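S.K.: Below are the structure tokens for one structure; questions will follow.
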Amino acid sequence: MQMADAPYRFPDPSGHFGPYGGVFVAETLIPALDELRAAYEACRDDPAFIAEFDYELKHYVGRPSPIYHARRWSDLLGGAQIYLKREDLNHTGAHKVNNCIGQAMVARRMGKPRVIAETGAGQHGVATATVAARYGMECVVYMGSEDVRRQAANVYRMKLLGATVVPVESGSKTLKDALNEAMRDWVTNVHNTFYIIGTVAGPHPYPLMVRDFQTVIGQECLLQMPEMTGRQPDCVIACVGGGSNAMGIFHPYIDVPDVRLIGVEAAGEGMESGRHAASLTAGKPGVLHGNRTYLLQDDDGQIIETHSISAGLDYPGVGPEHAWLKDSGRAEYVTVTDQEALKAFHDLCRLEGIIPALESSHALAYAARLAPTLPKDKILLVNLSGRGDKDMHTVAEKSGIQF
Amino acid sequence: MSKIQSTFQRLQATGRRALIPFITAGDPAPELTVPLMNALVEGGADIIELGVPFSDPMADGPTIQRASERALANGMTLRRVLDTVREFRTGNAETPVVLMGYANPIEAMGVERFVSAAREAQVDGVLIVDYPPEECESFAQAAKDAGLDPIFLLAPTSTEQRFRDVARVGSGYIYYVSLKGVTGAATLDFDEVATRIPQIRAQVGMPVGVGFGIRDAESARRIGEVADAVVIGSRIIEEIERSPRDRLTANVTAFLREVRTALDQVEGAVR
Ligand SMILES: Cc1ncc(COP(=O)(O)O)c(C=O)c1O
């Protein structure tokens with residue numbers, strides 16, 4: 001694990017990225033966050049912690065993940081060359097596990113025997129349950145009751161791994177409500193419980209900590225791309241739900257000049273339909289889940305329900321660092337519809353023999369839009385954040401197939 | 001002196017404790033909020049905490065979550081909450097009203113617009129659950145400049161440094177959360193409260209109200225032995241939930257009056 005260097009220095013010591021981020025929580029959570037910040041700072045400075053994290057990533061997750069040149073697909077698109085960072089090959093099938101290992105290690109150091117997590121699609125829940133099993137910790141996963149119904153296979157996986165899955169019935173019964181419920185559990189059981197947040201959101205120090213644990217993705221790319229292509233890519237493209245896979249691959253590139261960073265949000269049924277999950281593109285700054293960031297909200301400041309074919313992008317907020325990268329202009333944010341994501345999903349299956357996650361398919365779809373507009377010697381690096389096994393039911397249903 | 005401060009002064013002069021009930025505006029129906037506020041005053045409320053509903057009430061337990069969901073389903077908004085206070089004021093000029101809610105609806109309205117609208121509606125205080133002192137110094141100042149008391153929470157786990165932070169930015173009273181967890185949780189540790197409240201009172205120089213977990217006359221009386229004020233929320237919401245419409249205000253008044261009577265048995269100054 002390598003930490004961020006100068007000159008990009010965010011967050012500030014109180015967890016702010018410009019006007020975003022911070023610690024917007026009830027007083028009851030302040031001591032828990034103080035304790036976590038102190039513990040995490042100690043881990044961050046401890047070579048033994050970093051060595052253990054690197055060991056786990058290598059031997060348990062299977063890192064480094066390779067980079068793959070999607071040559072047939074690039075040829076067909078007829079423009080820039082597309083390279084894929086294969087986070088789909090990680091244990092548990094997505095980038096999420098990098099962060100879960102890091103946080104579970106912090107939890108162990110803090111002497112907390114119980115971990116909790118929120119999950120939407122179930123990927124972060126599965127990764128947390130996996131790591132909890134590996135470390136012998138009690139694990140409780142909060143999941144909106146709507147999502148429990150939609151993601152039955154992942155619910156069963158978590159149970160196999162020994163976790164308790166708690167369906168959340170409040171609010172819109174989806175990811176944001178699961179997060180609320182996990183926070184409520186944490187504030188009640190903080191003496192023995194560590195809350196493993198699944199993305200670069202939440203109150204400080206979560207956005208920083210999750211970024212640190214995911215930065216391994218981009219750090220590897222910094223070494224792998226010159227080996228493969230003789231240089232760094234022209235564009236780095238990643239999907240953005242909460243923003244952890246994107247932050248993980250973007251962050252090491254922030255100080256590399258001339259590399260465009262492009263985050264892809266879910267346009268769902270189309271931006272004009274209003275049924276989407278594009279917080280940065282269509283949201284307004286506000287306060288939710290412990291930080292200030294762009295939010296999808298109505299005129300009265302109530303959070304609105306989001307829509308995306310991929311449950312992992314179905315979130316009305318976004319990590320505060322992305323809000324800052326947007327405002328500062330260092331990263332660009334674009335949108336891709338369900339339809340475009342599905343087409344990219346099928347193309348990658350047929351042309352490259354890789355079944356991508358629907359979340360990652362959004363990043364792929366944007367690469368497919370961009371590549372033909374660029375010359376053949378340009379290089380696009382796409383974060384293939386996860387594999388699509390979990391999405392079989394969703395895709396089959398779209399094609400009118402019942403198992 | 002603010003209306004909240006003078007209310008506490010008046011009570012302290014006669015050795016009484018403040019009774020502060022909480023209801024969510026718009027629950028069970030927008031047109032019942034003012035009648036319920038009047039019912040609370042009739043039952044002996046000294047200050048009313050009026051909840052502004054939010055879609056993601058992270059710090060609340062199931063009871064207040066349900067109230068918030070009902071209120072939103074009824075079309076309650078921050079603007080309409082302010083209208084409600086204005087309407088309440090046509091019949092009651094004295095009882096201080098504190099708005100309690102989350103930051104986002106206020107930021108969506110704009111802090112300056114909110115503060116002046118709240119002032120104009122004769123709101124007396126604001127308690128924003130997810131605005132800890134370090135994130136809202138400018139908001140707290142804007143509120144004070146408009147004559148609104150910014151009220152802050154302290155918890156059993158708060159350090160003495162937190163006492164000082166809250167004393168610096170807050171005014172009116174301190175809301176001491178008497179247990180770990182969310183609103184409506186069950187157990188209340190009287191001994192813990194009895195040792196902490198005097199420490200806080202000594203350091204913040206403001207009255208201290210205790211809330212979270214107070215459910216009946218007896219627990220209110222015991223808290224009243226050591227605190228300046230008792231806040232009751234979830235238990236009143238439950239009363240609202242189980243009352244038929246034609247008994248709603250009467251039941252709420254009756255419940256609160258019982259608490260008032262018990263609280264008035266506490267004699268003398270806060271120890
Ligand atoms: C494969 C995959 N990619 C992306 C995401 C979105 O999360 P984030 O934006 O934090 O990377 C998820 C979330 O479940 C996911 O499973």
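Just so it is clear, glycine is given a Cβ too, placed from its N, Cα and C backbone atoms.
TrEMBL labels come from automatic prediction, so no person has curated them.
Sharing the feature lines straight out of TrEMBL:
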- A:62-384: domain 'Tryptophan synthase beta chain-like PALP' (DOMAIN)
- A:Lys96: N6-(pyridoxal phosphate)lysine (MOD_RES)
S.K.: Does anything in the same chain, at least 6 positions from the residue listed as 'N6-(pyridoxal phosphate)lysine', have a Cβ under 8 Å from its Cβ, and if so what?
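M.R.: Correct list: A:Gln123, A:His124, A:Val126, A:Ala127, A:Gly198, A:Ser244, A:Gly386.
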S.K.: Can you check what DSSP calls the residue listed as 'N6-(pyridoxal phosphate)lysine', collapsed to helix, strand or coil?
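M.R.: In the DSSP reduction, the residue listed as 'N6-(pyridoxal phosphate)lysine' maps to helix.
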S.K.: Express the predicted model's confidence over the domain 'Tryptophan synthase beta chain-like PALP' (A:62-384) as a mean pLDDT, rounded to an integer.
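M.R.: Computed over the domain 'Tryptophan synthase beta chain-like PALP' (A:62-384), the mean pLDDT is 97 on the 0 to 100 scale.
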